[in-house]
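K.L.:
Heads up, here are the entries from TrEMBL:
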- Lys35: active site, proton acceptor (ACT_SITE)
- Tyr255: active site, proton acceptor (ACT_SITE)
- Arg130, Met303: substrate binding site (BINDING)
- 234-358: domain 'Alanine racemase C-terminal' (DOMAIN)
- Lys35: N6-(pyridoxal phosphate)lysine (MOD_RES)
Amino acid sequence: MARPTSATIHTDALRHNLAQARARAPHSRVMAVVKADGYGHGLERVARALEGADAFGVAALSDADRLRAAGLSQPIVLLSGFDEADDLPQLRRLGVETVVHHHSQLAMLEQAGEGEPIRCWLKVDTGMHRLGFAPEDVREAYARLAALPAVADGIVLMNHFAASDEFERPQTRDQQRVFAQATAGLGGARSLANSAAVLGWPDAHADWIRPGGALYGISVVEGTTGADFDLRPAMTLSTRLIAVNRVRKGERIGYAATWECPEDMNVGVAAIGYGDGYPRAAPSGTPVLVAGQAAQVIGRVSMDLMTIDLRGLPEAKVGDPVVLWGPELPVERIAEVSGTIGYELTCSITRRVRFVES
Ligand SMILES: *Cc1c(COP(=O)(O)O)cnc(C)c1O
């Protein structure tokens, strides 16, 4: 029998979430961020479901290549920008737009040979201090770009927020102010908002929003799940019980014997582990659903298997479905107890997991 571990991708949910993003930012165009294989949901599958987006955002030229090979003709933006001169002919061939965040890229564009002009998104570092031109360097970078034959008309000005998921924190306001000052008077569309800013900072919607996580139904706002923002999870991760064993009081379960049975009890073994992308950091007590009912992980998650406390579920039997996350069990809850965010969990699903669409 094939391993019963699967990730079911809910394409309706992807479309619903795109509509929600549009409804929240009715005056903005939407770049659907599909980097990291569509946050682990499958790049081509996600892009087809989201073909109503105005553009796609990727982090690798190879992803742009895949989108074009899949027949998608929307604008594509390379979010971390090109990093060598040899990327430029590829950008032109694929008709891909690029973020420009560094002087080294300006120099490469100045040396670019003849060819189709490339649309550029000029990135301003407004306080995240990852990528972008310092505010005081933006005008010069803009002028150099605008003068180049290799650069298409209509430079877009963008930034990236560091803490937009914290709705009470002043940092996002400060970053907006720095952006407005650095770009005052420069022509072109503006783009500031990632998912959390789409949800919590309507002033920052501007001309282009760039949601990623929200499209997959995942919230990064602490203590919330996508459902709190009318978003629907786009992935259900599931498997089956492959054993149900009676274990005596005082016996210990799994590697390092971390969990001791407080009484004689049934222990379920599910065919999923960190080799599938389920987090090893998920502690005893992490929720799962067995045949639709709440149960808990006990002991260490291992590579191929996990063990489940079946004390509340006397009927549970081999073959019962086990849901690790999905619409009935938010991935944000699993992420929280595992010390991470939902994005990392969906991105971590490995290739041996069977992907299906529903
Ligand atoms: C990943 C990314 C996004 C999307 O972020 P989410 O939190 O998933 O919405 C937006 N803009 C840039 C530049 C990114 O790298």
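From the backbone N, Cα and C atoms, a Cβ is placed for every residue, glycine too.
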K.L.:
Any idea what the Cα distance is from Tyr255 (active site, proton acceptor) over to Met303 (substrate binding site), rounded to a whole Å?
P.N.:
11
K.L.:
Output the one of Lys35, Arg130 that, of all these recorded positions, has the highest number of other Cβ atoms within 10 Å of its Cβ.
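P.N.:
When each Cβ's neighbours within 10 Å are tallied, Lys35 leads.
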K.L.:
For the domain 'Alanine racemase C-terminal' (234-358), what's the mean pLDDT in this predicted model?
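P.N.:
The answer is 98, the mean pLDDT of the model over that range.
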K.L.:
According to DSSP, how is the domain 'Alanine racemase C-terminal' (234-358) divided among helix, strand and coil residues?
P.N.:
17 helix, 48 strand, 60 coil
K.L.:
What's the number of neighbouring CB atoms sitting within 10 A of the CB on Tyr255 (active site, proton acceptor)?
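P.N.:
Result for Tyr255 (active site, proton acceptor): 11 neighbouring Cβ atoms inside 10 Å.
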K.L.:
Once near-sequence residues are set aside, which residues in the chain of Met303 (substrate binding site), 6 or more away, have Cβ atoms under 8 Å from its Cβ?
P.N.:
Gly273, Tyr274, Gly275
K.L.:
Looking only at DSSP and grouping its letters into three states, which state does Lys35 (active site, proton acceptor) belong to?
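P.N.:
Once the DSSP labels are grouped into three classes, Lys35 (active site, proton acceptor) ends up as helix.
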K.L.:
If you run the three-state DSSP split on Arg130 (substrate binding site), which class comes out?
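P.N.:
In the DSSP reduction, Arg130 (substrate binding site) maps to coil.
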K.L.:
About how far apart, in whole Å, are the alpha carbons (Cα) of Arg130 (substrate binding site) and Lys35 (active site, proton acceptor)?
P.N.:
17
